[in-house]
Structure formats: C-alpha cells, structure tokens
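For reference, the structure is listed below as structure tokens.
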C-alpha cells in the first residue's frame, strides 16, 4: 500500500524519444530567435548607414494678377497638371476682388523644387507660344523669386561675383537681384529669365547657395503680402533705378549706382546759384546756343528733376491714420504728391514709425506737407 501511494506522487516516466524531441524544439526556438535578432540588427544598421532623406525647403514666387489664369487654368486644370507631374507641393494665393498679385509657394526637396520650376517654366513657355506664336521673346519665361534679405549676400557673393559667374555658367538670359527690399517686408526679388532647363539649374543653385539658413530666415522674415499691381509697380521702380544708374554710373562694390543713391538724405539742390549768376554783367557770348547748352542747369530746373529722399518720424498711433482703411489714404497721399511714400514695419518694442518719402524735390515737399497736415489734423481733432 505504501509503495502505491509513493508511486502515485512520482512524475510519470518520460520516454527518451520525447526528451530528444523537446531538446530539439528548444534548440530550434533559440536558433530562430538569434536569426531574427541578427536580421533586426542588420536592418537597423542598413537604415542608419543609408542615405538620409533630403531636407524639405520652400520657395516663394510672385506673379501678376493677370498671370493667375495662366497658372490655374480653366477649372484648375493647369495647376492640377503641374501637381500631378511633380512631387513638390503647390500653393497659389486666392483670387481677390481688388486684383492683388498671386503668390506661388512650393515645398519639397531641392531636386523636387528644381523639377517643379522646370515644369512651371515649360508650362509658361507653352502658354506664351500659344498666345503669341510669332513673338520669340515672350517664349522665355521670367520668374520672380522672393528671398529673405539676409540670404541675398550669399547669392551675390563678393562684389556680385557669384551672379556674374552664374550668368555665364548656367547659360541664363537674365539673372538680377532688385536693389532694395519690398516695402514693409524683409524680402527681395530675384529675377531670372531663360529656358526651362536654365531656370531649373538656377533654382538648384539658389537653393544650394542659401540652404543652410534659408528655412530659418524664412520663418523669421516679414513676408510680402500681395497687393494690387504690386509686382508691376516694383518692376517700374526697378527699371527707373537701373536707368538712373546708366545715366550716372560709378563703380562701387562691383555695381553701377547713381550718385544720389548713396547719399539720398544729404543731397540738397542749390538755392542761391541764380543770385550768384546775377552778380556779374551778362556777356553777349552767353547768348550763344553752344554756350547755353554747356551751362549748368539753374536751381529751378535742377531741383525740379533731382531725386531726394526724406524721413519723418511719427508716433506709431498715427500710422493707421496715414495708411487708412486698406491703404486708401496712403494711396491718396501718393497720388496727390506723386512721391513714393513708405512706412516702416511695426516693431513691438518701439513707439515710433518712420515715413520715408522719395521722388523729385517738388514731390517730396508736397508729400511732406500732406503728411504733416495729416498729423496736425489728427492732433487737433483726434480724428
């Protein structure tokens, strides 16, 4: 009886074959786990040593309001085609009732952006060919990039050497940086014109040149907000600036500039030259046509056609009164005076704003009077 009870507590005797099968199964499980770990480690090592994905960048371009139809197309078919043919993401600012400029924002890697610009340039060239098949000049598209002003130095290079070199290397028809930032922004226009292949190469170079800091500068920059005829006005002003450079060229830093562009605030036309001229007797030789053509212009004609720039400091609370609703009052001041009137951007830590007035002497004087009258009226009436 005792033996039976003890034997019932003992585990059942296992066959040697069962033990062998169990040992083999454990060995297989361990081997499988080791192989899986090795594969995971190899996969991790491959991912670590493989090429990193390209950093996403952003490009901003400005187009006139009239180009909106060319970009978007009927029922959006043009922009849909551009999106399908490229890997970059596309954004086009909405159409406004006042006919403001259109912004095109592209996002993607450097290669994706270059390919997107190629597709865009090809599309613009095709549209120009369809509309004006006999005009070969319009078949080379012109693009206007917007870059933060702090990145312009790396594009220009020392004395503009980069621009001069790339014009030749990339076989581009036109590569130009506007001389000043867009008013109220910290962006400048980079204008380029050429074949789609040349524009693609220029885009790749611009991104490569500005890539280390471009994203950070774009995040901290004051961007351009589209306004009515903004691009057209900036193009006209830039052409006028270039023509004045051509009339009065001097070399400084590798660029041709007009004399007045270096010291616009200190230049003042002579006011008493006519009195000095009247102190001596007038000679008969002064009446000759040749002599009169060689004489310097009088103070009246000099002041009438010379360029000036003045700055007026106003309280920040006055800026809204000068600008008016949707900029209507500022536009009225510009129209009445004929001068270029700009206000500095608002800075949170400063209580003043700077009004910059530029133009011919009479235009500047008229604009200054209008601005001061506006301030005086506000101070007297509070409205």
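Heads up, residue numbers simply count up from 1 along the chain you see.
Every residue gets a Cβ built from N, Cα and C, even glycine.
No curator has checked TrEMBL annotations; they are predicted automatically.
The stretch that TrEMBL tags with region 'Disordered', taken from the ranges 1-54, 55-108, is 1-54.
Across all of the domain 'K Homology' (139-211), the predicted model scores a mean pLDDT of 91. Mapped onto DSSP helix, strand and coil, the domain 'K Homology' (55-125) counts 36 helix, 19 strand, 16 coil. Secondary structure by DSSP for the domain 'K Homology' (306-376): 37 helix, 22 strand, 12 coil.
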